[in-house]
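**Student:** Below you will find the structure I want to go over with you.
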Amino acid sequence: MSAKHPVIAVTGSSGAGTTTTSLAFRKIFAQLNLHAAEVEGDSFHRYTRPEMDMAIRKARDAGRHISYFGPEANDFGLLEQTFIEYGQSGKGKSRKYLHTYDEAVPWNQVPGTFTPWQPLPEPTDVLFYEGLHGGVVTPQHNVAQHVDLLVGVVPIVNLEWIQKLIRDTSERGHSREAVMDSVVRSMEDYINYITPQFSRTHLNFQRVPTVDTSNPFAAKGIPSLDESFVVIHFRNLEGIDFPWLLAMLQGSFISHINTLVVPGGKMGLAMELIMLPLVQRLMEGKKIE
């Protein structure tokens, strides 16, 4: 527990709803008058895009797989050290991975490269991480133990593949074949390093579409929030006022003793209502179980 300098992490693939989650947290920080230092998970990649392409080819020639989900392409040690340092001193460093030309041009760089490391702003009240590995645990590193509030954002897997396919082809210039190859290549790392994190979270938000996603690789568009439900799982029920949440979130219902289901369009509001009191508890120096 980092009582003086709490660490909040949202873990999940980009496009999974992490943007909605980040917006909800920023609203909460503003409402509580908190200054947050933000760290992006992509900044802990080991390789630039050309370097990663070369690493993939070398791994394939050697009969191995490498992906952005696993430790070979990410510096889990540096991520863990970042959380430790911030928890102890409120200090650290960050950089950005530039995915697109729009992101790269202001830095006079090309897509697929990193900005220089820079110190985190000071003073701040909380560290906010958004990325793939906020709750990762390996034999060498335990990132999850340094997180005070861990939130998982994960769609059902077919929806995740649809989001990846459409995002990577329309925004990042990849071919459909390259994206499908990436899905196959990433599966072992996804199973070993991504999915176990969602058993360590305090909360999970899982988007479930109500339209047919049986063949994600033939999808022409991403199901909208209004075409989805969001399944919210609570690890600990202490302080969770289900009757109040049901009254505030029209169309919501309880599907299990520790699970609330809300219409997709209510996802952002649900996050704000649920997480604001949790952030308040953190800032009061209380531990979230």
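Think of each number as a place in line: the chain as shown, counted from 1.
Backbone N, Cα and C define each Cβ position, glycine as well.
Owing to the predicted nature of the structure, the values given are computational and were not obtained by experimental measurement.
These came from Swiss-Prot, pasted as-is:
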BINDING   G12, S13, S14, G15, A16, G17, T18, T19, T20  ATP binding site
**Student:** Provide the number of Cβ atoms within 10 Å of the Cβ of G12 (ATP binding site), excluding the reference atom itself.
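**Tutor:** Taking all protein chains shown, G12 (ATP binding site) has 28 Cβ neighbours within 10 Å.
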**Student:** Run through the Cβ atoms and count how many others sit within 10 Å of the one on T20 (ATP binding site).
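**Tutor:** T20 (ATP binding site): 20 neighbouring Cβ atoms within 10 Å.
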